[in-house]
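Undergrad: Take this structure first; my questions come after.
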Amino acid sequence: MNINGYTRMAAVVANPIKHSLSPFIHNLAFDLTNENGVYLAWEVEAEKLPAIVDNVRTLDMYGLNISMPYKTEITPFMDELSPAAELIGAVNTVVNQSGKLIGHNTDGIGFFNSLEKYHFNIQNKQMLILGGGGAAIAIIAQAALSGAKKIVVAARKSASYIPLKEKLEKLSVKTGIEILLTDLSEADRLQKELKQTDLLVNATSVGMDGESLPLEKSLVLPEKLLVVDAIYKVRETPFLRWAKGQGAQTENGLGMLIGQAAESFYLWTGKKMPVAEITLEMEKEA
């Protein structure tokens, strides 16, 4: 990395963020593509967000990545939102276009781009996704925008279940895609939906302990099913081991992590991130 008077900045903004892998990914991408940029991690309090946004314009930055807890809080500061960001109601990438700040959400498109190596396209396919948090909503919204045939969301019945149901109903109306919510504990219903499923995704945190499964292990998976776990800190979760044991193709969350970064990098620089090389380096770091 050769920092000089022409070097431009990008940064990830969150709290906490010092543990983030994003600086490693993006700075390696800058080096590999000969792009004169540097990427930092900024851990800031919520009241500093307006100043951070002003910095993007003042310092002519590429833009920002936004992580928890600011993905929704940052949206009012944007001049424009991409279709995905507007649909999701959250921004994870800010792009500076000559002072005009455009909010994008690359989580969903990054997720599906990471599945291209399996020649998987969600169009006219059915997805069953476990969980209803931010990552799940981004994946659901992108699946709907990409023309999925049907999306089934399985979540635990809790205080957030009814708000999730209402959010999914709005997504369904806006996109014209069938999106259903079911109780994650209803194994019979899940088994019925699994028979028609092409893509099974775990977007919960269950499995981070290396022991827990997010669903009943008695469930039988159909043939030719692609199974993905959004967790990347545990490279093969119990969920993926269980699916692999039934003959399914499996993918961990590292692809989504790098995929969303690659989409942000392209929006900032117009260059394709060398995903294969970066994935290899990330695996060495594990």
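Backbone N, Cα and C define each Cβ position, glycine as well.
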Undergrad: Swiss-Prot has Gly131, Gly132, Gly133, Gly134, Ala135, Gly253 binding NADP(+). Which one of Ala154, Ala230, Ala276 is in the same site?
TA: Ala230
Undergrad: Suppose a student reads Swiss-Prot and sees Ser20, Leu21, Ser22, Asn92, Asp107, Tyr232 listed for shikimate. Which of Ser67, Ser82, Ser212, Ser218 should they find annotated at that same site?
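TA: Same shikimate site in Swiss-Prot: Ser67.
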Undergrad: Give me the non-local Cβ neighbours of Gly134 (NADP(+) binding site): same chain, 6+ apart in sequence, Cβ-Cβ under 8 Å, ordered along the sequence.
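TA: For Gly134 (NADP(+) binding site), the qualifying residues are Met68, Lys71, Ala90, Asp107.
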Undergrad: Is Gly132 (NADP(+) binding site) helix, strand or coil when read with DSSP?
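TA: For Gly132 (NADP(+) binding site) - judged by DSSP and reduced to three states - the answer is coil.
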Undergrad: List only the single closest residue to Tyr232 (shikimate binding site), chosen from the binding-site residues Gly131, Gly132, Gly133, Ala135, Gly253 by CA-CA distance.
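TA: Nearest listed residue in space: Gly253.
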Undergrad: Please identify, among the binding-site residues Gly132, Gly133, Ala135, Ala230, Gly253, the one with the smallest Cα-Cα distance to Leu21 (shikimate binding site).
TA: Gly253
Undergrad: Between the binding-site residues Gly133, Gly253, whose Cβ has more other Cβ atoms within 10 Å than any of the rest?
TA: Gly253
Undergrad: Is it possible to get the count of other C-beta atoms within 10 angstroms of the C-beta of Ser22 (shikimate binding site)?
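TA: For Ser22 (shikimate binding site), the count of other Cβ atoms within 10 Å is 21.
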